Amino acid sequence: MSSGGGLKKKESDLEGGGGSQNEKYHDDVHEDTGEVGYYVDENVVRTDEFGAGDSLYARLQRMAGRFGVEQRGIERVPSDERTDSSMSKIGTLWMSANMVVSSFAIGALSIPIFYLGFVDTALTIIFVNILGILPVCFFSTFGPRFGLRQMVLSRFWFGYYGVKLIAVFNILACLGWSSVNVIVGAQLFHAINPNMPGWAGILVIAVSTLIVCLFGYRIVHAYERWSWVPCLIIFLVVLGEFAHSGQFNSLLPLATGPTEAGSILSFAASVYGFATGWTSYAADYTVYQPVSRSRTSVFLWTFGGLFIPLVFTELLGAAVMTATISNETYLNAYFDSGIGGLLAAVLVPPLGRFGEFCVVVLALSIIANNCPNIYSVSLTLQVLAKETQRVPRFVWTFLGTCVYVAISIPGYDHFESWLENFMLIIGYWLAIYEAISLGEHFVFKRGFGGYKPEDYTNPKALPPGIAAIIAFAFGIMGAALGMSQVWYTGPIGKLCGGPEFGGDVGFELAFGFAFVSYLGLRALERSYFKR
């Protein structure tokens, strides 16, 4: 494997330096033999260098260091600082982030929004989640190998300047996810205490998330290590109480015809958008894993951490929502207080105060769901410009929190329409991102051996990004042709379902248009620019 700039053999003892902590060397793994070698990287910034000097940035970083706040932003993690030896942390992070009421809400959308039965909903949830999480699992394997965050890695696919467009989309996604999630949590608070306004619940969850995310990677992982456990227990209580109530309606018909096909396609787009939404920051949570970590192990831990909670909670949400077909109590609870009201209707009547406690815990589960969003938005903001990189990560964490709170409060009363439309749009742009990234990785770089990670700050060594941006535009065209939204249905989307609503094939066409156009455009770009 070429490492660009001279792979140093281990026998050389790092040019006589004995592996000093001050040497700017990185490990790398040979693609064929799996052996670890070393190469010089002049762009390495060690943790003890962040607070050097008398600038405002240095003073803020020294203050952060005194309180144990992570100082590293998008700078590459040196190999000797990649000491996170626990593989299970990868799985538990995603387990906690998805064993939450937001995932439950996705499954619950199938009946009031898409008019599906339980069987067709269940099949869609299982198979589309697999499709959606595969890119997350794949890109998670890049973190240990290169020590670079996901948006920085994206420079190798979109170019140093082209990635700024992707960063803008990712910032909007992180803030949008956070807003949607915190509204769900606030609804749960309101369901058990009608006197608690939506904005108060939003602030409780947002401030709690901020406290965790301020400290960075290790504290986020520490929090996510166990936060899935109480949520799983309470979801099992929900399952038991709902099953005991006899309200599950398994006889909803499995319809056929164009209208059913369109509903399945549109619901699948929402499920895909939620599952694949972690793709654009997948590597952020494995960068401190050792460079020699097995890619297969990282992939499988990520897959398990995503698939199990997503399928379990979404199926449970769909099952509970079937009760609204024939039970007015459940139906009124849903329309009065949304998902929170529905869960309260299951838990509070039979369990009383303990049921209310369970609802509160589920509301607080949103913290685990929002931690990856708010941690990663701070890193993505640093990718926009050299000036934003000079703002410490924890400052961006605070500002990002303020922004999504400001978005959430006015959006509190329009949750269902926000959630449906937002999931679909997320699916569109991430399908384009995945098409271009995977095309570059497999066709042009031909795997991990085609990367020179030390070039991540050198625009002249990275792809120009012209092909990627044009292909991104083609992907948007595909999404526009295939989308089926309340506010717009594309000409192909109209043909994929019933005459009234059509069916959403936006993310499929977005991927196809972007992938095919990128292959042709990138071949021309490489022949002209030679990079």
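Cβ atoms here come from the backbone N, Cα and C positions, even for glycine.
If you check TrEMBL, you get these features:
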type	residues	note
REGION	1-28	region 'Disordered'
TRANSMEM	92-116	transmembrane segment
TRANSMEM	122-144	transmembrane segment
TRANSMEM	156-178	transmembrane segment
TRANSMEM	198-219	transmembrane segment
TRANSMEM	226-244	transmembrane segment
TRANSMEM	264-286	transmembrane segment
TRANSMEM	298-321	transmembrane segment
TRANSMEM	394-412	transmembrane segment
TRANSMEM	424-444	transmembrane segment
TRANSMEM	465-487	transmembrane segment
TRANSMEM	507-524	transmembrane segment
Legend entry - seg_contact(the transmembrane segment (156-178), the transmembrane segment (298-321)) with at least 3 CB pairs under 8 angstroms, min sep 6: no
Inset, instruction - Count, for each of 226-244, 264-286, 298-321, 465-487, 507-524, the Cβ pairs lying under 8 Å from the transmembrane segment (92-116), and report the range with the highest count. - result: 298-321
Legend entry - Whether the transmembrane segment (122-144) meets the transmembrane segment (226-244): three or more C-beta pairs under 8 angstroms: no
Legend entry - Proximity of the transmembrane segment (424-444) to the transmembrane segment (264-286), 3+ C-beta pairs under 8 angstroms: yes
Inset, instruction - Using a Cβ-Cβ cut-off of under 8 Å, list the residues of the same chain that are 6+ residues beyond the ends of the transmembrane segment (465-487) and lie near it. - result: 157-163, 165, 262, 265-266, 417, 420-421, 424, 428-429, 431-432, 435-436, 440, 493-494, 496-497, 501-515, 517-518, 521-522, 524-525
Inset, instruction - Could you tell me whether the transmembrane segment (198-219) and the transmembrane segment (298-321) are in contact, taking contact to mean 3+ Cβ pairs under 8 Å with a sequence separation of 6 or more? - result: no
